[in-house]
Amino acid sequence: MKFESILEETDGFGRYQIALVLLMYIPRIPIPCHFLLNNFIAAIPSHHCNISSLGSEGIFGNLTQEERLTVSIPVQDDGTPASCHMFSYPQFHLLSNSSSPSEVAVVQCQNGWEYDNSTFISTLATQFDLVCEKRGLAKASATIFFVGVMAGAVFFGVLCDKYGRRSMLLVSYVSSIVFSVVSAFSSNYIMFAAFRFLTGFALTGIINISFVLSIEWVDTKHRTFIGVFGSISWSLGNMLLADNFNLTWIPESARWLIANGKAETAYKYLQKCATFNKRRDFTSRVKLEALSTVMTVEHKEPTFTSPICRYGVASTYYGISLNITSFGLDLYLTHFIYAAIEVPAKILIYFSLNKVGRRITQTGTLVLTGFCILINIITPTEYWTFRTVIAVLGKGLSEASFTTVFLYTTELYPTVMRQNGVGYASFMARLGASISPLIMLLEDTWKLLPEVIFCTVAIFSGLIAWLLPETNNERLPETIEDIEEMRYKNKCHKIQEKILNYCFQDQSNIPLKLPICADTTQ
């Protein structure tokens with residue numbers, strides 16, 4: 001007996017499942033704020049050396065602030081004061097002659113920096129002076145966060161399959177609240193970086209566990225809806241802290257309980273689900289003994305194709321999301337547009353996942369994202385309006401690929417190793433996310449190099465996704481044998497399609513007796 005049949009007896013998508021999904025939906029809302037926070041906290045505002053040390057004895061007299069800068073700081077090619085250098089002593093002759101002789105002694109900033117606070121009151125750069133030779137540390141804070149997410153994906157993936165989804169979800173909720181609050185009150189960069197790492201470590205548990213738990217409690221035909229609906233919480237992200245009071249109402253995954261020999265506990269949860277959904281005949285139709293025949297536990301290594309795809313999706317998504325300053329628009333406006341495009345993208349992807357399936361959708365969104373990046377590479381910068389439209393389209397497609405890959409990965413792994421497999425794939429995704437900020441630093445070598453890399457990764461991972469089996473309208477696999485059966489059916493349907501194309505290409509309408517793909521004994 002398959003678990004899908006038992007779940008149908010409880011009403012596979014009733015009030016119980018809806019309440020469960022909503023309870024886990026709310027704590028996911030603030031998560032994107034953490035993941036995309038570096039767009040703002042790592043911003044480096046305009047700055048120049050603090051010149052107070054030069055005028056400590058009142059030698060500036062009645063000079064205006066602009067005149068003080070003129071005699072104290074060399075001018076860059078664009079006419080703005082240099083960010084990292086100052087004159088060793090005031091050059092008063094520059095007030096009458098704007099040209100600076102080459103022999104004037106220039107030194108690095110001696111007394112810190114002064115920052116332009118018109119856009120940002122405080123950032124990492126202004127708080128910890130992460131400018132000039134320390135400029136890379138601001139970008140590195142994003143990498144540190146994603147390394148924490150990467151480590152957490154493996155940690156929670158392994159322990160969830162061993163100790164259950166529910167208990168580890170509690171650990172994620174509590175630790176993410178504690179670590180995120182402490183990081184906000186960090187007194188130095190090292191402390192901030194350490195707790196940002198731990199925050200990312202804890203948050204990945206909330207993301208992966210709540211998603212898998214939602215998928216495992218709904219029936220086959222509603223998995224797409226739950227996958228897309230759950231991901232909208234990302235687009236609705238705000239600064240609310242996750243609330244853990246509702247965990248007492250969240251059940252353990254009945255699939256995991258059965259797979260780990262806890263059929264009696266699973267049966268109680270299923271009874272509760274059936275009662276809540278008003279399916280009072282559940283106990284008469286499904287007996288406790290039937291649960292022992294649902295699955296047998298086996299452990300084998302997961303496929304490498306899905307993690308490679310997850311790496312490409314995350315690398316591309318964050319490569320686009322963390323680059324919002326190159327289109328000539330206000331920073332906040334660009335971020336809002338990037339966030340807003342995700343909602344219609346998710347709505348469209350819901351229909352695509354149901355109509356054309358997971359594999360085509362995954363491949364298509366990734367390849368099209370790559371082509372959007374390619375178009376912006378070859379389009380001159382003066383066409384900034386067109387480039388912005390293409391970038392927004394690419395952002396929507398990358399989010400669509402992210403929504404797809406979360407659902408797709410969950411469906412590919414069997415219950416006995418689902419959370420572990422999702423954790424491994426998430427590890428690869430966070431590896432891609434953590435490397436993305438560092439790739440963006442390569443623009444100092446060649447301005448277009450980061451975009452070329454993200455374009456290549458998107459198209460390559462899209463082609464890799466074509467190697468994955470289709471899971472649309474397939475029941476969630478419980479054992480390794482179910483995975484093999486799924487692969488068999490996909491191959492069989494391809495053979496049927498080739499036979500049909502061959503026999504009907506001359507429209508002879510030859511009747512055929514085709515193999516029955518649903519029966520693995522054929």
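Keep in mind that glycine also has a Cβ here, set from the backbone N, Cα and C atoms.
Because the structure is a prediction, the values reported are computed rather than measured.
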### Message
Quick check on the annotations: TrEMBL lists transmembrane segment for one of 27-44, 225-242. Which range is it?
### Response
225-242
### Query
Among 140-160, 167-185, 332-353, 384-409, which stretch has the most Cβ pairs under 8 Å to the transmembrane segment (191-213)?
140-160
#### Entry: Distal contacts, the transmembrane segment (384-409) - CB-CB under 8 A, six or more residues away
211, 215, 223-224, 227-228, 231, 235, 306, 309-310, 313-314, 316-317, 320-321, 327-329, 334, 337-338, 341-342, 344-346, 348-349, 352-353, 358, 361-362, 365-366, 368-369, 372-373, 375-376, 421-422, 425, 429, 458, 462, 468, 471
### Query
Does the chain bring the transmembrane segment (421-442) near the transmembrane segment (167-185), so that three or more CB pairs sit under 8 Å (pairs 6 or more apart in sequence)?
no
